[in-house]
Every structure is written in structure tokens, then in C-alpha cells.
Amino acid sequence: MGGKKIKIGINGFGRIGRLVARVALQRDDVELVAVNDPFITTDYMTYMFKYDSVHGQWKHHELKVKDSKTLLFGEKPVTVFGVRNPEEIPWGETGAEFVVESTGVFTDKDKAAAHLKGGAKKVIISAPSKDAPMFVVGVNEHEYKSNIDIVSNASCTTNCLAPLAKVINDKFGIVEGLMTTVHSITATQKTVDGPSSKDWRGGRAAGFNIIPSSTGAAKAVGKVLPALNGKLTGMAFRVPTVDVSVVDLTVRLEKAASYEEIKAVIKAESEGKLKGILGYTEEDVVSTDFIGDNRSSIFDAKAGIALNEHFVKLVSWYDNEWGYSSRVIDLILIVHMASCQ
């Protein structure tokens, strides 16, 4: 890539926006040049970035407010905008070619395309999208074509499930399957019981309940892996942990396989083509052991179980914040390289 850093901007400085910024600032192939958030002042942005209840205090460069429109990470200036309408954010002024759309609001293609009017060349939506093409790194990123300007990084759960499902389907064939994600609290939930008109259960106190919830993550696997379209569905339990989630994938296999054979295949893939995306562990781990893990999916060999050679339950962990944010940056690099060719 000739040492030229890819310039990125972030729209929305929430959980994912801030962590994408943390990932970007620790890498030497991308450069954060701008952040837009109309709801946070520059000094508050600094505080929210520096102190993080889950991932700890920022220790890499000193962070200062230069003025109301500029943050300094060490000596490096990052321009701050506070614009509500994405069409009006002047990304072009800062040289930001790639914009991470992490507000959770502009998730469809037309709304995300507003960033192109401000000078961005490509937009990466950090959420599933109903009409923008979804790419899961390690699964279908090779299908990206340079004429696509708006892409979705899917969801954190799809990023955990899809690599595992791909490995199993490629080697043994999946007849059908059900997924459950035991998922940490996210920002949409309530600290105490409150109104949530579309999802009554979701309005109950997050820190006090196990809350059944819907998720499109399993069905979305069918979009990134067409061979599995219509073969997977799933649901979620929201539980009172602040980060790290775990997927339970229960599948019926076409080809007979012992649990030992399945483990061996996943281990081989985790050390081969999917290294850095799919992990493998035989340790006696629990959820907090994965805080800050940048892989999409870490298969827990000891937690899974087989009923017989055609019916198995597979368990895979993911840091739903950090792993996902790491993939956002990876996807930017993939899009950039395809666009250069």
C-alpha cells in the first residue's frame, strides 16, 4: 500500500464510534482525520474517549482539546464537526475518503449516501442494513466490487456466527440450524423499567433481568452465505453483562462427523485462512476473558456438545464491541485495496 494511510471519518461517537476510533489510532494503515457528532461538545468527547468502563483508560497518546473544532491525539489533529444533517458534513475538507456511519440512524443506502455529498468516497455502515450490501470479513469480502460505495459491516453477532457456519457448512454441510446469542447489554436498553413501545420486554431493567429478544443475525448469514439462506434462524437473550457475548449454534449436519473431527476442522481453519477472525480455545474460559479480543468469533471446544454424529451444539465467544470495531477497520482496508486495483 506504499505507506500511504487511508483517511477516515466517523459519524456518531457512541460505543462503536469511539471504539472504531481507538482501533484506528492504534494502527499504522489508517488515519483518523474527522469525527462528527452534533450531541457532544469537544471537551466531553475527550472525556468519553479517554475513560471507558469496559476497555479501560486510553493510554496511547495524550489527548487534548486544541479548540472547539479540533482534538489533538499526541500531535495529530482530528477535526470535530457537530452537524445534524449528514449531507452537510464537509468530509472533503479533511480529506476523509472513508466514513464510518455509526449513529445507528442512517443505516439504509439512501441515508448513508448523504455522506458522499460531503466529499466521502465510500461509506461503511456499522450495523446491518436492509438494502446496502453486507460483508463479513473472512466470509464474503472477496465479493466486494469497487463500484459499490456503501457497504454494511453486518452485526457483531453475524460476524461471530458466519465464519463458524461457513467452516461447518463447507466441511460437513448444514441441513438446518438454530442460533441463540447470549448477549451483553447495549445502549438501546433501559437502566430501570421504562417505555419501549415496539419491544415491551426490551423496556425492562437491563441490569436485573434476562430478556428474550429478537435478532436478525442468523437470517443475515443467509445473505452473506447464500448456501445457508433459509437454513438458519435465531433469537437472543440479553443478560446483565456489559460486554462480550456468546453464540450457541445448534445444527443438523449432512455428513456424519464426530465432535473431535469438528473440533479439528475448526482448529485448522483458525490457524489457517481464518487466522485473526476465527479463534479456537480449549481453556476453561468465561466471558470477561474475551474483553479486548479483536477476533470475530472464538470457538469454545470444551463448551460444545454432540448428541450424535449429525446433531451438534457449537459455542463461540465474541467481544461484541472490540471485535466488531476491529472488523470495521479491516473492511475499510479491503474496500480500499479493491478500489485501488
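Cβ from N, Cα, C; glycine included.
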Of Asp37, Asp108, Asp300, residue recorded by Swiss-Prot at the NAD(+) site of Arg15, Ile16, Arg84, Asn320: Asp37
Identity of the D-glyceraldehyde 3-phosphate-site residue among Thr186, Thr191, Thr250 (reference: Ser155, Cys156, Thr157, Thr215, Gly216, Arg238, source: Swiss-Prot): Thr186
Gly216 (D-glyceraldehyde 3-phosphate binding site) versus recorded positions Asp37, Cys156, His183 - nearest by Cα: Cys156
Pairwise Cα distance maximum in Å, NAD(+)-binding residues per record: Arg15, Ile16, Asp37, Arg84, Asn320: 27
Rounded distance in angstrom between the Cα atoms of Cys156 (active site, nucleophile) and Asn320 (NAD(+) binding site): 5
Using Cα positions only, nearest of the recorded positions to Ser155 (D-glyceraldehyde 3-phosphate binding site) (Arg15, Asp37, Arg84, His183, Asn320): Asn320
